[in-house]
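Trainee: Here Swiss-Prot flags Asp205 as active site, proton donor. Residues or ranges marked as purine D-ribonucleoside binding site in Swiss-Prot: His5, Glu180, Met181, Glu182, Ser204, Asp205. Residues or ranges marked as phosphate binding site in Swiss-Prot (evidence: similarity to another entry): Gly21, Arg25, Arg44, Arg88, Ile89, Gly90, Ser91. Taken from Swiss-Prot, the feature site 'Important for catalytic activity' applies to Arg218.
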Amino acid sequence: MPTPHIEAQDGEFAETVLMPGDPLRAKFIADNFLDDAKCITQVRNMLGYTGTYKGKRVSVMGSGMGVPSISIYATELYKDYGVEKIIRIGSCGAVRDDIKIRDIVIGMAASTDSNVNRQRFHNVDFAACADFSLLKSVVDTAEKLGKPVHVGNIFTADLFYTPQPEKFATMEKYGILAVEMEAAGLYGVAAEYGKKALTVLTVSDHIKTGEKTTSEERETTFKDMMELTLESVL
């Protein structure tokens with residue numbers, strides 16, 4: 001039944017949900033990759049769709065920006081709609097020289113400056129990591145499709161406009177691949193409910209070089225990431 005933030009009926013979500021931050025990216029995926037896609041929720045214009053990809057039933061829904069927003073939607077999907085797997089597909093800022101604009105980054109784990117997982121985990125640090133089976137499937141699919149990917153630790157930030165840019169040098173030293181704003185929250189919710197989660201990202205900005213993509217490009221052109229993720233769930 002509908003929740004405070006999702007109006008879909010029971011059974012309208014597939015067991016696998018792809019979750020971009022931007023609801024218009026969810027619409028783009030539904031319009032361009034899914035067959036027989038149906039809009040099943042649009043509360044607060046957070047669009048969600050269910051359709052099929054090569055015969056596989058799949059849903060896609062926006063999460064909004066930041067840990068609090070994705071935590072709300074992931075909780076309701078896992079707890080109230082029986083969703084088993086959520087794969088965040090989004091954008092990130094690279095912090096290493098060997099990672100370029102439009103490269104694909106897969107978040108094996110997510111460090112963070114957010115406090116939400118400490119609140120969940122009795123005020124001690126929780127190692128927020130992806131589900132191995134989802135991770136392996138995406139990496140194997142990337143190899144099969146000949147798509148190069150970077151796999152490793154990412155950083156989930158609470159602030160987009162950080163007052164502490166010196167943190168990026170520390171991230172690079174410790175092998176962080178890129179910065180985004182949701183993965184650690186998603187991984188924490190998945191762990192809380194015994195479900196599966198993964199994050200697959202396209203580099204939209206490079207923190208060191210200042211290169212960036214436009215908002216229109218972020219909405220519609222990251223097709224390698226979308227295709228890779230959909231192929232991995234077949």
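Glycine too: its Cβ is placed from the backbone N, Cα and C atoms.
Help me picture these features in the structure, burial and contacts included.
Mentor: Counting every protein chain shown, the Cβ of Asp205 (active site, proton donor) has 17 other Cβ atoms within 10 Å. In three-state terms derived from DSSP, Asp205 (active site, proton donor) belongs to an extended strand segment.
A coil conformation is recorded for Met181 (purine D-ribonucleoside binding site) in the three-state DSSP classification, outside any helix or strand.
All chains included, 25 other C-beta atoms sit within 10 angstroms of the C-beta of Ile89 (phosphate binding site).
In sequence order, Asp22, Arg25, Ser91, Ser204 are the residues of the chain that are 6 or more apart from Arg218 (site 'Important for catalytic activity') and have a CB within less than 8 Å of its CB.
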Trainee: Which recorded positions (His5, Glu182, Asp205) fall within 10 Å of Gly21 (phosphate binding site) by Cα distance?
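Mentor: So the list is Glu182.
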Trainee: Quick one: give me the count of other CB atoms within 10 A of the CB of Gly90 (phosphate binding site).
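Mentor: Taking all protein chains shown, Gly90 (phosphate binding site) has 26 Cβ neighbours within 10 Å.
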Trainee: Restricting to the record's purine D-ribonucleoside-binding residues (His5, Glu180, Met181, Glu182, Ser204, Asp205), give me the longest CA-CA distance in Å as a whole number.
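Mentor: Of all Cα pairs among the recorded purine D-ribonucleoside binders, the widest measures 30 Å.
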Trainee: List which of the binding-site residues Arg44, Arg88, Ile89, Gly90 have their Cα within 10 Å of the Cα of Glu180 (purine D-ribonucleoside binding site), in sequence order.
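Mentor: Hits: Gly90.
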